[in-house]
Each structure stands twice: as structure tokens, then as C-alpha cells.
């Protein structure tokens, strides 16, 4: 699943490819992806100009002339831009045709991705309704607010970080990496964490996601950026998908368990449960 670094990388790529382009028509081959009224979606998009791109958590934002298109890639969503006629591809579901002859194509093998069209004034309310936490940056991710939220919850810390309410953008890969760096067991109840552990998780969340953005995200199976290029953050993973390998910090064998239905990687020595 694309997490914050992958979505940010896609966003930056699309900025170089489609800003300023005017949509001439829209073609939708899998209508279930569109969460706005379908007729409204098809009626409103033509004649809109893509003014800028943005991101909030794992949501990709297309700022148009007087609307915002919100796209969530879910498990396998990808965007590809073709300067002229695009090739026929099996998993292409939405086509944005531009006046200059180019086409932006949304592909999704699993068909889990979604798109919605809003007026800009409703964007903040939209994310409030999703209970989306702050961005993982020094200015937005307040340590004291984070510690207070942890103290009120019995959820395992991994599950809590994944639910997007504490901080936006973490998924299965980067939660494992953050908790390994912070030396916290993923099954620890949130309210049992010390101030030092909470601080370590806070700081490592910012550091890991920042590094992953610099590396263009992680390509584990199928992720590519808007140019079809792989990310390289997977080369810097210390624990995710390292089951049976030695922990680089202590030499103990990395283990994998199921936690909240998610495969979870950790070092049983560095990340003790008790």
C-alpha cells in the first residue's frame, strides 16, 4: 500500500507533468471508484485546469480551477501520464483527457482506490470527518498532544499508529521501521509507554517518513512513481520484510507476528514487550 512517502513522491512527479493542463473530457471504466455523484463528477471536471497538486496524509489532492479532486490510492493505485494517445492497459480505470492531447490514466489492479470531488471550502471539514491526525512534521506533530492521546488508549501502539488519528500517513511498512528505531514492541498498549518511548516514536516517525520521501518511497512489490520509476527506501529498511535475518543492532533474529490482522516485524531483543 502506498504510504505517505509514496503518495508524496507521486504528488511531486505529477507536479512536473500536469500542472496547468486543462481537462477536456473524463472517461470512467469502473464507476465504483467515484464516491461523488457520478453524473456530477463527469459534468464538473471538463474545462477544469489543474492549478496545483497537494497531499494530506495518504490522500492525493488535485487543486482545480474551482474544485479539489481527492484521490486515495489504497493498495495498488498508480497514475501514469501520456503526452499523446496512451496504450490500452488492462487495469486502467479512469482517464483524464487534456486539451493538448495528453492523458492522465489511473490504474489499479485491486480496484480499491477512490476519487471524490469537493469545493475547496469543504476540504478541512472532510479531513476532520475522517479524524485524520496531524502531518508528521516538526511544526504540525505536537509531542505533548501525542503523549496525551497515547495515555488515554489501551490499543497496541502499532494499531494505534495505523489508525491515522495520532499522526497521518503511516502504514504497515513504516510503523514497523519507526518502532524498531524507537525500540518499542509493536504490541505494547499505548498507555504503558514512557515519556521517553513516546518521544522516540514521535521523533522517529518524522525521521523515517522524511528519509523515505528523500528516497522516493519503498518499492516492495509494484509501487512506482509517476514516471514509472522504483523508490529506493526499501534498501534502508532495518526490520520490515527481514524475517529470519539478524537484527543489525544486536544480532538477534527478526521475527514476524500477526497483530491486528497485519504482518508485523520486530526484534524480540531490542523491542521487548515487558
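Positions of Cβ are set from backbone N, Cα and C atoms, glycine also.
Noted in Swiss-Prot for the protein shown:
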type: ACT_SITE; residues: 2; note: active site, schiff-base intermediate with DNA
type: ACT_SITE; residues: 3; note: active site, proton donor
type: ACT_SITE; residues: 58; note: active site, proton donor
type: ACT_SITE; residues: 262; note: active site, proton donor
type: BINDING; residues: 91, 110; note: DNA binding site
type: ZN_FING; residues: 238-272; note: zinc finger
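Here the candidates are the recorded positions 2, 58, 91, 110. The one whose C-alpha lies nearest to that of residue 262 (active site, proton donor) is 2. According to DSSP, residue 110 (DNA binding site) sits in a coil region rather than a helix or strand.
Cα distances from residue 110 (DNA binding site) to the active-site residues 2, 3, 58 are smallest for 2.
The Cβ of 110 has fewer other Cβ atoms within 10 Å than any other of the recorded positions 3, 58, 110.
Cα spacing between residue 58 (active site, proton donor) and residue 91 (DNA binding site): 21 Å, rounded to the nearest whole number. Every protein chain considered, the tally of other Cβ atoms within 10 Å of the Cβ of residue 262 (active site, proton donor) stands at 15.
Across the structure, residue 3 (active site, proton donor) and residue 91 (DNA binding site) place their CA atoms 21 angstrom apart.
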